[in-house]
Amino acid sequence: MAQNSVFFPDEFLAQMREALPAHLSFDAFIAACQRPLRRSIRVNTLKISVEDFLALVSPYRWQLTPVPWCAEGFWIEREDEDALPLGSTAEHLSGLFYIQEASSMLPVTALFAEDNQPERVMDVAAAPGSKTTQIAARMGNRGVILANEFSASRVKVLHANISRCGISNVALTHFDGRVFGAALPESFDAILLDAPCSGEGVVRKDPDALKNWSVASNLEIAATQRELIDSAFHALRPGGMLVYSTCTLNRDENESVCLWLKEQYPQAVEFLPLDSLFPSATEAVTPEGFLHVFPQIFDCEGFFVARMRKTAVIEPLPAPKYKVGNFPFAPLKGRETAQIVAAAQKAGLQWDENLRLWQRDKEIWLFPVEVETMIGKVRFSRIGMRLAEVHNKGYRWQHEAVIALANDANTFALTHTEAEEWYRGRDVYPELAPTSDEVVVTYQGFPLGLAKKIGSRLKNSYPRELVRDGRLFTVHDSAN
């Protein structure tokens, strides 16, 4: 296998020699860092079971190796990798899987360990969405996830991934993660803080990741991480679970941050050992019970994961002085709700009691019920999903709602060629037109969007920003 030419600062190498446990070889560490990273995917069980997914892709001759710490995760090798990007396969476009590095599946596995079933979860640094979508799948779209992202440019990507995966229980915010301890004290059953870090573990994906590395920079980052974990711990309810993770390898940003938190709140922080999280987890476990994953252990990116429980109430932070502003939505009730539900069912869309209808001007939205107690405490960028726009002839159903809520009542199956045309933003001309004037078009049994019948043509409503060019779908696809 070809090797990457990785840049290693001398001080970094000295630090790693000291950090490596005695049973791990430094030469093996360097060799692992220089190997290209194995690609991996996670099946989106909100849309398809692992068993059905494996059956669906079996004709493609993909080599799928299970990731030991995530039942939905697989390392993937494909013969047609050069001819067709993994992100252009039909299964990815329709949200059946997420391209996610294997080690980054660890934090969510830890968050839900020992049958933990939280109703209110926060993902403090959520973009691009791999862990938010993994959390949503583990929650079965129930409860609520507050997915926060500080970087404005990454919020759009986060929403696009949430929408593609058919997720309805997310509320998006755009804040510095340090605000939540004061803004939403003791509000969450579980919190994931996948903290911004120096990224020492990603050199297999980015050989130049350490070009700007320095000990001083790491210490500055660690100071920010301490502020973030302190805020997250305040936002966690007593009895709740906090998972802290990074994709870096030094102790300053990992073990030391967690130990600092315990020093601040010795009676309230309980470290929960991760040695039995999955078979062979003991190979990466630290004396404190954390997982410090060096890249040679499981042939993946370097990663760190710690799990802790809040065992007592702690002194609250000062209440925030900012004003959230007026909330522009109003809940819908009674006849209005019944009218929308009936129209949606006719269009082939349905939802359960976890979602409630709200309106802003002519927009109809579905919000997760569990978010309602947070309204007025923080400003949201987006909550739930936009279901429809009201117009004089009824409702114009929105793409994200169709992807998440479509059932089998009003569907029209596209062929392989027609589905490719759909993703290219083109109208479709089926041999036999549907009987309904408006249908949910599907491929492989999964919704692609809403089409309006105009004569023999199905008018494409696929959002322009999602339209794909070039080659689509898998070479070995035997279905038509």
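Just so you know, the numbers here start at 1 and follow the chain as drawn.
For all residues, glycine too, the Cβ spot is worked out from N, Cα and C.
Annotated features, as they stand in Swiss-Prot:
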type     : residues                                                                       : note
BINDING  : Ala125, Ala126, Ala127, Pro128, Gly129, Ser130, Lys131, Glu149, Asp176, Asp194 : S-adenosyl-L-methionine binding site
ACT_SITE : Cys247                                                                         : active site, nucleophile
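All chains included, 26 other C-beta atoms sit within 10 angstroms of the C-beta of Lys131 (S-adenosyl-L-methionine binding site). The maximal spread of the S-adenosyl-L-methionine binding site, taken as the longest Cα to Cα distance among Ala125, Ala126, Ala127, Pro128, Gly129, Ser130, Lys131, Glu149, Asp176, Asp194, is 20 Å. Sequence-distant neighbours of Gly129 (S-adenosyl-L-methionine binding site) (same chain, six or more apart, CB under 8 Å from its CB) are Tyr98, Ala147, Val157, Leu158, Asn161, Ile162, Cys165, listed in sequence order.
Cβ neighbours of Asp176 (S-adenosyl-L-methionine binding site) (same chain, under 8 Å, six or more residues apart in sequence): Phe150.
Counting neighbouring Cβ atoms within 10 Å of each of the recorded positions (Ala125, Cys247), the lowest count belongs to Ala125.
Around the Cβ of Ala127 (S-adenosyl-L-methionine binding site), the same chain contributes Glu149, Ser151, Arg154, Val155, Val157, Leu158, each under 8 angstroms and 6 or more positions distant in sequence.
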